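Asks: Let me begin by handing over the structure; questions about it come next.
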Amino acid sequence: MLRNFSRAFSRSIPKLDTLVLVEAAGGKITPASLSTVTAASQIGKPTIALVAGPDGESVVGDVATIEGISKVLVAKGSRYDHYLAEELSPLIKLILESSDQWTHFLTPGSAVGKSVLPRVGALLDTQPVSEIIKVESEDTFVRPIYAGNALATVKSNEKLKLASVRGSAFAPAKLGASAVAVEDVAEVESQNRTEFVGEELVTSERPELASASKVVSGGRGLKNKETFEALIEPLAAKLNAAVGATRAAVDSGYCDNSLQVGQTGKVVAPELYVAVGVSGAIQHLAGMKDSKTIVAINKDPEAAIFNVADIGLVADLNEAVPELTNKL
Amino acid sequence: TGFFMILVPVKRVIDAAIRPRINKALTGVETKGVKFSINPFCDIALEESLRIREANKGLVDSIHAVSIGPTKSQDVLRTALAKGADSSTLVDVGDQEVEPLNVAKLLKQVVEKQESNLVILGKQAIDDDSNQTGQMLAGLLNWPQATNASKVEIDGDTVTVTREIDGGADTLRAKLPMIITTDLRLNEPRYASLPNVMKAKKKPLEKLKAADLGIEIASRLETIQVVEPPARDAGIKVESVDELISKLKEAKAL
């Protein structure tokens, strides 16, 4: 079966270039995937999307209309539920090895992308480049290191270039182009031993943090969960912003882990980032200092957050935040 | 004796509290006279292996720490031994930077040598921020991988891991052997006591070269240059909420 698969591949797709893993969640293409397509387009060759599992199948129609996509490959089958790296890696390896026309494989810098890409790299004996923020040329990329305190320009000497893409650094590709061809790819045997037990997703009416155009973020200065909810949520609602938090706020239980912004959490670059009671530790700055406009509200005039804020207000957040919410 | 043979890779990195400075040649960051420490995520990995042993009497046969790096990486191994690792290996590569793929290949050799069946690694090193080594090692060994662990539960030879993912958490389960990478909130690492630091000096620290493991370290990526990120323009301070709102409108941020 594998041999047939390979043959079908090399015959039907003679001029392949960049393969992009397109991820879906809740029946929608993730914004990070659309940003990855943009990065792929900047490499300058045809871009082919790979979607997998029921989440992938649910968005095939949309993926086929992403601007810059020239074909969609669909891997059906329940083994691709939940995007397990153990299942996806052998599939991607086989696709990439089925033709020597492939020059690039990109994934979003999401939890899924970070889990899958290095495993694929190991199977192909290829060193990937993590979280690129700029495409200099087809083999040269810029990526942040040391929590964003340095930018490294990296040239890949690999025949096949593997990279993950930082979503906040590339505008999402638009939908609405005329639909391209969709082609099935066969399942691949994986010897997977990992069992998916379950998941617990945080539901919120607020926009998704990583892709929101506005973010209101709370830190240790909020003091407790009650204040966090009473001050941050209404301001975010008024601005139609996503809610974010510092590690200190998350560790103290003010809000869910998945809202953490920073080196070890989400990296965001919204139009407006409002930091409330945030001191501005380098690990937090790593996750938000590329925001277009940064506002800081903090009672400590020496707080490091004021070094990156475009507009700073030294004030007690318990008074300033409700006033701001009311006046917007 | 138990059947868990845990391997904990640890990396020596510039201390997390230090803001790195870029060198004059723009080839990397300044390392002279800078404080180095164990990578925080590796410290969490070590702590988790110690807790697995403490919480499951008789289950863990050995905890072996390994570091790949310059000769000075033996400092982080001594720290790991002081905290409770039984033995250690230094793969001394001098000043050469080793890419994750080569680290994973070296670790695979150590896994086989030590007969490890559970490898717990940090999810990323805070210097290169790659977040690759654990997944690559899992790929090379064809073992299950559970990345970004926030909770690890043991039942016999079955390991259940809760992971931090975009939008929440998920749970994966596998029987040994497997690979786990640690997220920040998995645990709070302990400090080594002075008596344990003294005792650690007598614990085994094996020194090897990459060639002893049959691995040739050739880089696949070339660093063209390393620069400071663009500085932000100086901001302004406002006196009131009204002024804040008017400045936001001026900046078209509302």
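Backbone N, Cα and C define each Cβ position, glycine as well.
TrEMBL entries are annotated by machine, without manual review.
What you see is a predicted model, and the numbers here were worked out from it, not measured in a lab.
Got these off TrEMBL a minute ago, pasting:
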type: DOMAIN; residues: A:18-200; note: domain 'Electron transfer flavoprotein alpha/beta-subunit N-terminal'
type: BINDING; residues: A:Arg220, A:246-247, A:260-264, A:277-284, A:Asn298; note: FAD binding site
Asks: Check each of A:Arg220, A:Gln260, A:Gln263, A:Val278, A:His284 (the binding-site residues) against chain B and write down, in sequence order, those whose C-beta lies under 8 A from a C-beta there; write 'none' if there are none.
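Replies: Listed in sequence order, the binding-site residues near chain B are A:Gln263.
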Asks: DSSP secondary structure for A:Gln263 (FAD binding site), reduced to helix/strand/coil, please.
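Replies: It is coil.
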Asks: If you count other Cβ atoms within 10 Å of each one's Cβ, which of the binding-site residues A:Val278, A:Ala281 has the most?
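Replies: For the binding-site residues A:Val278, A:Ala281, the Cβ with the most other Cβ atoms within 10 Å is A:Val278.
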Asks: Please identify, from the binding-site residues A:Arg220, A:His284, the residue with the sparsest Cβ neighbourhood, meaning fewest other Cβ atoms within 10 angstroms.
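Replies: Result for the binding-site residues A:Arg220, A:His284: minimum number of other Cβ atoms within 10 Å at A:Arg220.
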Asks: What does DSSP call A:Ala281 (FAD binding site) in the simple three-state scheme?
Replies: coil
Asks: Would you please pick out, from the binding-site residues A:Gln260, A:Gln263, the one with the fewest other Cβ atoms within 10 Å of its Cβ?
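Replies: Checked A:Gln260, A:Gln263; of these binding-site residues, fewest Cβ neighbours within 10 Å: A:Gln263.
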